[in-house]
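What follows is a short report on a single structure.
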Amino acid sequence: MASVSAPAQTAAAASAALQRGIVKMVLSGCAIIVRGQPRGGPPPERQINLSNIRAGAMARRAAQGQPDTKDTPDEPWAFQAREFLRKKLIGKEVCFTVEIKTALGREYGMVYLGKDTTGENIAETLVNEGFATVRREGIRGNNPDQARLCELEDQSKSSKKGLWSEGGGTHTVRDVKYTIENPRNFVDSLHQKPINAIIEHVRDGSVVRALLLPDHYLVTVMLSGVKCPTFKREADGTETPESFAAEAKFFTESRLLQRDVQIILESCPNQIILGTILHPNGNITELLLKEGFARCVDWSMAVYTQGAEKLRAAERSAKERKVRIWKDYVAPTANMDQKDRQFVAKVMQVVNADAMVVKLNSGEYKTIHLSSIRPPRIEGEEKNKDKDKRFRPLYDIPYMFEAREFLRKKLIGKKVNVTVDYIRAATGPGESTPAFSERTCATVTIGGINIAEALVSKGLATVIRYRQDDDQRSSHYDELLAAEARAIKNGKGLHSKKEVPIHRVADISGETQKAKQFLPFLQRAGRSEAVVEYVFSGSRLKLYMPKETCLITFLLAGIECPRSSRNLPGGMQVAEPFSEEAMLFTKELVMQREVEVEVESMDKAGNFIGWLHIEGVNLSVALVESALSKVHFTAERSAYYKTLVSAEEGCRQRKEKVWANYEEKPVEEVVHLSEEKERVANYRAVYVTEITDQLHFYSQDVETGGQLESLMETMRAEIAAQPPVEGSYAARRGDYCIAKFADGEWYRARVEKVESPAKVHVFYIDYGNVSNFVAKHFDGV
């Protein structure tokens, strides 16, 4: 009961000046809350109780935490009186006079619908419809307004309206259900169909209390996909509003409080009912976002039935306009030029399963990471299970190889559209995390397909979860979450309950014995399929052989490619001219492509030598044609020799790249002598110094032997005076040097092969024999 008669009050009568307001809420059939117009924030409000009448009290729930209290049901016709008044007044402008104000601050008066007292008298209407009774005990005989109320009540009684109808009104008492035994089953039973409801209370901008009709369930509903600023309850019981919390609450109240709406109950995680409120004037969820009163919430957006992209678009609009909670917002790519934010590039390499190296139109190479996804990974204990075995992420992490292969087959060599979402700043190493350099994270599409989404939908990557205030995420984050949900539901990839795939790949690079065992198989196979895993230089590659499930180092046959720089014990070996260009040429042509190889032989280090073909192109020939390699004499035995020589000749004549400084040898004048009828032998005395297994021999001229001995004595005397400094000379093939033979003496020699800084093959130019030496037994001339 919320009404008193005027004479019953002891406080002094307040001024009866006419005042105006908008009805915010109807508490009962005889009490309303009116508010003013908003000016720079939520407006003031006050409760007005109707004078001289009484309406039934509404149902009330028992006080929480007080077991002796019980739920109070509706009084007969109380809900109908409230509903009659709600439908007539909510959101409407009224005028009122305050006749009495009690010592406790309660105000009683007359309320008229409209701007002045000529409008409908609300108290009289209620009495006339039988929804309220007149408090006759305080009526004054000379008050025409009170007399009018008594007259209307008598008419209502005679017409048996409302309270005066037969039966006592027990059928009007609701069975209000304040709790639901199993909220999830209740929500599921509705099958996301709209149900009629009345919004009874607004806790904050995104949480309301709704009365579900016709069964009168009173439930708390949180708007799916969004969250507004809230009111933080302090230890002393007071509430401290977050920034824009009061404004967001008023925004929702002014549009939904005590309005007839429809609600779609969408999900119920952890006993929290999520839903979307539908109103003829618009979707409050989207409006809150658009006006900057709310932000998107990832965990509940997935259940939003009206299209998550609409919510993201509304939030994006608020961010761009920097309204309310976004007033200080700075976009992750705000400092980037448009050409750096969106561009087309060619994919050159896939790095594991979440990054790729692309080539821009400018020729520059750039590493791009796929936004908001995490590639397959292995936990620390699994990673350290076999400490003696070298950890290879591509083959040892379950589904990493499948993920890389999916990207490689779809993207390598193709042009893609790149939209940069954010730049992840460099981070230092943590206790359990490694250091990361700055990362450019982007959404990559090809043919309209979002590559990250496709990867996630196959269960080959997972979606990163962020803090709610972290805007550094994919511009298609919701699609990624939806794709992950589908992959989990269908048990794809990482989410499968099947046994994980195992890739046993033997790496025989540098394993001479294993390489010898494989060599006959590869030679007999003719052309074998392979995937180029890495390019060390223009002519040195690492290949994955899928049929043999092994990794090999492969050297291109028939060519001599410029050498790249290398770290040697004696210092850095300087790169030969055009070595970098040769490596980039090979990378662009074959990196991570499917190729065919013909293995001919192998070197002493276990590296296979042969020919590599890609789409009908012989890589050795292509390097020579591009003037990035020269023909090696070993190509003479090959079927490709003529093609190689022809290509080399053209580049040499044009003096391109490696032939830029080429000078043709002067043509020797040929003197034509008359042919002798009989060959005249000119015998000379020689000293045979070496006979090879191929029946070749080396000899010294006896006549000049003294000169050689004199030269050697002079050389050895100089060496004795200035001994070589160990490590000062880095041998290179073709260099002339001095080398110590088994007899402990120094001789002139030429470097034939450098296996390693510690092992060098030399040819003694004065004697014809060959030997191996360690670094300290030879020096430069």
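Each residue, glycine too, has its Cβ placed from N, Cα and C.
In TrEMBL this protein carries:
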type: DOMAIN; residues: 17-166; note: domain 'TNase-like'
type: DOMAIN; residues: 193-328; note: domain 'TNase-like'
type: DOMAIN; residues: 341-497; note: domain 'TNase-like'
type: DOMAIN; residues: 526-661; note: domain 'TNase-like'
type: DOMAIN; residues: 730-781; note: domain 'Tudor'
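Across the domain 'TNase-like' (17-166), DSSP helix (H, G, I), strand (E, B) and coil residues number 41 helix, 46 strand, 63 coil. In the predicted structure, the domain 'TNase-like' (341-497) carries a mean pLDDT of 88.
Look at the domain 'TNase-like' (193-328): DSSP puts its residues at 43 helix, 50 strand, 43 coil.
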